[in-house]
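Since the structure comes first, as structure tokens, the remarks are kept for the end.
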Amino acid sequence: MADNQETLLLKIKEQGDLVRKLKAAKESGEKIQEEVAKLLALKAQIKTEDATPQKFSLKTAKGTRDYNPQQMTLRNGVLEKIIAVFKRHGAECIDTPVFELKDVLTGKYGEDSKLIYDLKDQGGEILSLRYDLTVPLARYLAMNKINTLKRYHIAKVYRRDNPAMTRGRYREFYQCDFDIAGQYDPMVPDAECLKVVTEIMDSLEIGQYVLKINHRRLLDGMFEACGVPDDKFRPTCSTVDKLDKSPWEEVRTEMINEKGITPEAADRIGEYVRLNGGVELVDQLLKDEKLSKTKAAVEGLQGIKLLLEYCELFGIKNKILFDLSLARGLDYYTGVIYEAVLTQPIKIGNEEQTVGSIAGGGRYDNLVGMFDSKNKQVPCVGVSIGVERVFSVLEAKLAAGDISVRTNEIDVYVASAQKNFLEERMKICTDLWNAGIKTEQSYKKNPKMLTQLQHCEENGIPLAVVLGESELKRGVVKVRNIKTRQEDEVPRENLVQDLLARIAELNVKENGTA
């Protein structure tokens, strides 16, 4: 149906152009009328098609989803914890447009460039939806001539991927990025990025994890030492990046058959990418016959050694693993790269679920220069938290009954035990709202008492102010603890202070949204 509509619109445009040309050329009136009649007939077809009822399936687009109040409460709670860590480290918040000029995004993502969503021409600008938050940051820094910035950015990004929604893979999803831009001493900001990741992982409490680290210079040096041609470093890197999902034999086959690497070179790479460890492994590789003769590899190993020293000072060395199989496929990385991975399946109900990577990032010193007319570089290092994976784990736990959430933050419900108390309820609500107390009431004029109390229990509201005729005549109201069902009479003029004290005592904390 849509294709027919587009074809008709194209024909109408062409026919309209023809009519205008005939009029401009002052053709005979008969010829013009004939073509105008054809134009009107085409337009009539459009109206006929529009009038035809169209059947369609009511659903969200592939790779997208809606979020109910319970899910949004979980998500906001996660984002609050992440933002608290970002702010603890002095990060400022920015935002950028959801779409960019296509030229801004082109050539930055290696083989993943095919996953970029292109938009139709909108008035002369060729646009694409942003693929991540890193390239827009580089464009922002270059465009505004910013040399130093510590920023965080939480926003949706878009990838034309095959979604696996149960594992937190979507076409539209949130990224939470923390980046440090500026010319600083080696590995100092890089180590802080790793510290940020550990603090976030610890605060989310979703499971045991390890932070894998590697270095792009080491990978380049390793490929060189193994006999890989320079022009095949990046394609080889993209293939090595698949080792977390595929066995070595599959990766080796792809290297040879698709990337054109010789079997001998692939086997030499295989010897290295199976290694992981700590400072001892770095020292061992610095003495390696092949790597020690390769400048890039030595630079990478020295960088890793310094990073591990700083991680020890930050108290996170026991959470770091130097892993030569870590490659990260994006083209813009130039130095250290890292990834946070859960080491054990997550127990959800009676089942165990494997999650994998939760965060990833690295150093990208040349990206900003790509957008600067004078190729002025602004070195950057950062990390992206894969919050969708975290959300999928928590939502599965919620569905299995392992955790529960409260979707509203109301502290006090104003109820009435008899009829005709709506006006008095409204006055009390106003006093409580003006005092900053989270309050609600029934929108019915004469609600049933049992219904009001059930609403409190179902929504986790801890306190109720109950109005009654005899109490109001004496200038008091009842305050009911919903959980214990204890009721106390409180003078009307002392109600605000009494409730504030009770809320503090019950430790009902304000959970403002992210």
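Placed from the backbone N, Cα and C atoms, the Cβ positions cover glycine too.
Feature list (source: TrEMBL):
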BINDING   D132, L133, T134, R159, Q175, D179, R328, Y332, Y333  L-histidine binding site
DOMAIN    4-60  domain 'WHEP-TRS'
DOMAIN    38-394  domain 'Aminoacyl-transfer RNA synthetases class-II family profile'
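Taking the features listed in TrEMBL, we show where each one sits on the structure.
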residue : record                   : contacts (Cβ under 8 Å, 6+ apart)
D132    : L-histidine binding site : Y109, V157, Q175, D177, S384
T134    : L-histidine binding site : D177, D179, Y332, Y364, L367, G382, S384
R328    : L-histidine binding site : C237, D241, I337, E339, G360, G362
Y333    : L-histidine binding site : R216, G362, R363, Y364
By DSSP, how many residues in the domain 'WHEP-TRS' (4-60) are helix, how many strand, and how many coil? 44 helix, 0 strand, 13 coil
Near Q175 (L-histidine binding site), how many other Cβ atoms are within 10 Å of its Cβ? 19
Report the mean pLDDT of the predicted model across the domain 'WHEP-TRS' (4-60), rounded to a whole number. 76
